[in-house]
Structure formats: C-alpha cells, structure tokens
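> Sharing a structure with you now.
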Amino acid sequence: MGCGCSSHLEDDWMENIDVCENCHYPIVPLDGKATLLFRNGSEVRDPLVRYEGSNPPASPLQDNLVIALHSYEPSHDGDLGFEKGEHLRILEQNGEWWKAQSLTTGQEGFVPFNFVAKANSLEPEPWFFKNLSRKDAERQLLAPGNTHGSFLIRESESTAGSFSLSVRDFDQNQGEVVKHYKIRNLDNGGFYISPRITFSGLHELVRHYTNASDGLCTRLSRPCQTQKPQKPWWEDEWEVPRETLKLVERLGAGQFGEVWMGYYNEHTKVAVKSLKQGSMSPDAFLAEANLMKQLQHKRLVRLYAVVTEEPIYIITEYMENGSLVDFLKTPSGIKLTINKLLDMAAQIVEGMAFLEERNYIHRDLRAANILVSDTLSCKIADFGLARLIEDNEYTAREGAKFPIKWTAPEAINYGTFTIKSDVWSFGILMTEIVTHGRIPYPGMTNPEVIQNLERGYRMPRPDNCPEELYKLMMQCWRERPDDRPTFDYLRSVLEDFFTATEGQYQPQP
C-alpha cells in the first residue's frame, strides 16, 4: 500500500477508508479499491489505479493514453470502433494495429496506429506534424485543399527538441510557395521566431501569429489540411480467397494483365491487378510477393494481399489518379509547373533510393509504372515483377512488349539488369515527366533506338527542360553502368533542385 500525496481532497465527501496522516489522501487497500461515502449517503466504488513499485506515476496523463484524431468504424473481428476525440488506453503497441481500451465504453480491441496520437503531447494539435521533412511540408501545404496562410509546425530535422513553422504564401514571380521559419528555444523553455516577442509555448505562438503576421510573410490562417489516413491492412490477411474481392471498375490493361478498382470484403477500396494466365509461375510469384511485401516505404505502392491460384491477383493500395504517364496528359497534369514536375521526379527517386539501399532491382521503371494519388503523391508500382514474366513477347528484346526505349544497353544486349540499369531507366522517365508523357525517342522504332544507342546517340534536351536537369539525365545515360550516379545522389540533387542556391529558411522578422 502507499500514499498518493495530493494537495487537498474535495470537501464534499467523507471516506470510510484509511488515510495518510500527513496529507489525508486515501491509502489504497490490498484489493486496490476504495469505497467513497458521499454526504447524501450514496456509496460509490472509487476506481483507484494500483501501480507497481513504491512510486506513483509521475504524470496524471499516462504515456499509454491516446486521443482519436479520426473516427473509426470497426470492420474486422477484434478491432475497436471509436469516435474522433475519444480517449483510449494502449494495452499493447505492436505493428500497425495496437490493442487498446476505450475510456468511454471500456471495450477492448485493436485500433489503427495512424488514427490516434499521444494525449499528453503536441500530436493531437491539427497544426502539429510529427516526423515531417521540410520538403514534405511543402508538398502537404501546396496540395489541393490548402490556401494562402495555411501553416504547420514540425519538428526540426537537424536540432532535436526544436521546431520549424512552414507557411503557404503567394509570390508575384513564383506563384504559390512555402516559406519556413525557425522556432528558436529560450533557456526557460519558451519559444520565439523574432527576439522582439517570446512565447511560453507553441499554442501561444500560434494564437499570436493567427491574429497578426507581425513580421511573417502572412498571417496564419488555418492548419494544413490533410486527408483521413488510410487504415493499415489487417495483418493476418495475406493469401486471400478470390470471393473476398469485388471488381468494380476496369482501370486499364498493361504488360502483365488488367488492373481494376475494387473492394475487399465490401469495405476496403483496393486496386487489383489480374495477371494473365500462364504469364508467370504461381510458386515463383508467391516467393517474390513475400519479399515484395517486406518492402514498405511511403514512395512504394503498398502490397496488401494476393490470390495465388490462377489467374493470380495482386491486391494493392488504390491510387486515385492512376498512372503517371496518363495523368500527365490530363488537364490537371498539363497545368503542372516545372517545379511540381521535378518534385514528382524527386518523390520517385526517393523510392528508388530505398530499393537501392535494400539491393532490390525494379527492372521496369517508367512513368506507366508510377501511380499518382489525389494529393499528387507519386509511388512506384510493379517493382520486381518484370523478372517473373514468362512471355517471350516481353522477355525477348525483339518482342513487341519489351520496353526497349526505357532499357539500358547492357540489359538490352546481354540481359544484365542491375540498379544501374534502373538509373538509366530513371533518366528516360525524367524525359517523360518534363514532356507531360511523351513517348521517348519520338519518331524512332525500337530497332532504330538500339542502332542509335550503339553509335552513342542520346536523346536531345526536351523543350522546357532546364539545362541542369538535362545534364543529370546525361549522367544517367553514361555507357559504363558504374559511371552512372546512385539513386541516393540523384535524390540529394532533385530534392533541392530549385532551392540549392537559396536560403532554406526565412530571416528572423
């Protein structure tokens, strides 16, 4: 037993349990429960929480308490539904589904990790974005739904315990831009952007700059808008029965088969790739799919589940805007500025740098195999599938389906696919991006492309392609694979292509 010394007790009740002689706080009996007797004679069992060891919890808000950022409707046996703003206690934190108990209903079940945030932290604030890079802050703020003055506060990438403010603004020359301000720490725990005015906390800082710009580029209008996150896939559902899938809309046909928008178990929107019968060995596919599902990154299309009997189905996350090559030709795609186009290239190269780090080769990198979300986020699809195809029209270089125009010379001539042949393909993909989906080597047949490459020919610089970007393409097309850059290098160049010569943060106002 122990005392949880507090400054005072409420004086409208009297207890019929032992109290501490020093502070008169109730001492928890051995059964961990106490009976409180109110002056009106009613009795209630007090849910005093027992704790291990001799010391009480340091904070009244325990670390395992979370608040729901969004409402969630249960859709599996064992998951727990909740309303936005509801408090839950996390019982087990493992993987993407956490076991929790609702403090409202007392019920227990599994909850999606990305629908909740720690209650005793900044995470529930709509303007706070945890683990967000400067570049991703720009992408979020420039996405549809945000306007002039939209803002967010994020953790500093370089200094632990520090923060940055990112604000959407309008520039006469550049159009919609995002400006960044360092939020500096005071020795006493406060914060400031300008030394002229300091704040005890970030909430006070946000309130001040919401009322007036006071030296910032603009007044803060509203927190950055984000969509409800996609719930994680239920972990036990990998090889699924075909009847659990309902194919709704045929989105297109590719080298491997048809792609459909559909629903899994009537409630989860997914993309379903139906592979042509005989196009690959089911056993080889399942072995590769088991490897592919371990490759999880925000720039890779997430593989959810498979149907392993022919025709093979691959179930992945659904991307609303379809393939990049098609999206670039739409009215929305045609309007994209060179800045946004290069940002798409930077997103793709980020995913390829991840595959490079994992020693994984794509083998078929082109705009047709990049998918685009409704917020213009780009993700790489079909990584690894190309080597499983058993169709001679695809595997032989003379075949009608072989993607000659995207393939490195050593892969065309000798079948040598490496991460460096992927780098060559990425150079071709960049031409697709800056030309809004134009087929590479316009006017040339596949045999003509092969002959010209053997003579050292390279595509000329496309119209509206920055000179520095074309130099990067030419590096990707170097004859010797080892002379081509790494994806990690390409990522570092493309992420800051237009900001390398500018200050990344605004001066103090």
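Cβ coordinates come from backbone N, Cα and C, glycine included.
This is the feature table in Swiss-Prot:
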- L251, G252, A253, G254, Q255, F256, G257, E258, V259, K273: ATP binding site (BINDING)
- K99: ubiquitin cross-link (CROSSLNK)
- K276: ubiquitin cross-link (CROSSLNK)
- 127-224: domain 'SH2' (DOMAIN)
- C3: S-palmitoyl cysteine (LIPID)
- C5: S-palmitoyl cysteine (LIPID)
- S102: phosphoserine (MOD_RES)
- T159: phosphothreonine (MOD_RES)
- S162: phosphoserine (MOD_RES)
- Y192: phosphotyrosine (MOD_RES)
- S194: phosphoserine (MOD_RES)
- Y394: phosphotyrosine (MOD_RES)
- Y505: phosphotyrosine (MOD_RES)
- 154-242: region 'Interaction with PTPRH' (REGION)
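Would you situate these features in the structure and describe their surroundings?
A strand conformation is recorded for G257 (ATP binding site) in the three-state DSSP classification.
Spatially close to K99 (ubiquitin cross-link) yet at least six residues away along the chain are I90, L91, E92, E108, G109, F110, V111, judged by Cβ distances under 8 angstroms.
Around S102 (phosphoserine), taking its Cβ as the centre, 19 other Cβ atoms fall within 10 Å, counting all chains.
In the three-state DSSP scheme, T159 (phosphothreonine) is classed as coil.
Long-range Cβ proximity for S162 (phosphoserine), meaning a same-chain Cβ under 8 A and a gap of 6 or more residues, is found for E155, S156, K182, I183, R184, N185.
Y192 (phosphotyrosine) falls within a strand when secondary structure is assigned with DSSP. Here the Cβ of Y192 (phosphotyrosine) has 16 other Cβ atoms within 10 Å, regardless of which shown protein chain they belong to.
Cβ neighbour count for S194 (phosphoserine): 14 (other Cβ atoms within 10 Å of its Cβ, all protein chains included).
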> Look at the recorded positions L251, G257, V259, K276 and tell me which residue has the greatest number of other C-beta atoms within 10 angstroms of its C-beta.
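When each Cβ's neighbours within 10 Å are tallied, V259 tops the list.
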> Please report the distance from the Cα of L251 (ATP binding site) to the Cα of T159 (phosphothreonine), rounded to the nearest angstrom.
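With the alpha carbons as reference points, the distance is 45 Å.
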> Note down the number of other Cβ atoms within 10 Å of the Cβ of T159 (phosphothreonine), including every protein chain shown.
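T159 (phosphothreonine): 12 neighbouring Cβ atoms within 10 Å.
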> Take the Cβ of A253 (ATP binding site) and count every other Cβ within 10 Å, whichever protein chain it belongs to.
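The Cβ of A253 (ATP binding site) has 11 Cβ neighbours within 10 Å.
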> Could you give the number of helix, strand and coil residues in the region 'Interaction with PTPRH' (154-242) as assigned by DSSP?
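Counting residues by DSSP class gives 11 helix, 27 strand, 51 coil.
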> Which whole-number value in Å describes the distance between the Cα atoms of A253 (ATP binding site) and T159 (phosphothreonine)?
48
> What is the average pLDDT across the region 'Interaction with PTPRH' (154-242)?
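Its mean pLDDT is 90.
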> Using the alpha carbons only, what distance in Å do you get between G257 (ATP binding site) and T159 (phosphothreonine) once rounded?
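Rounded to a whole number, the Cα-Cα distance is 48 Å.
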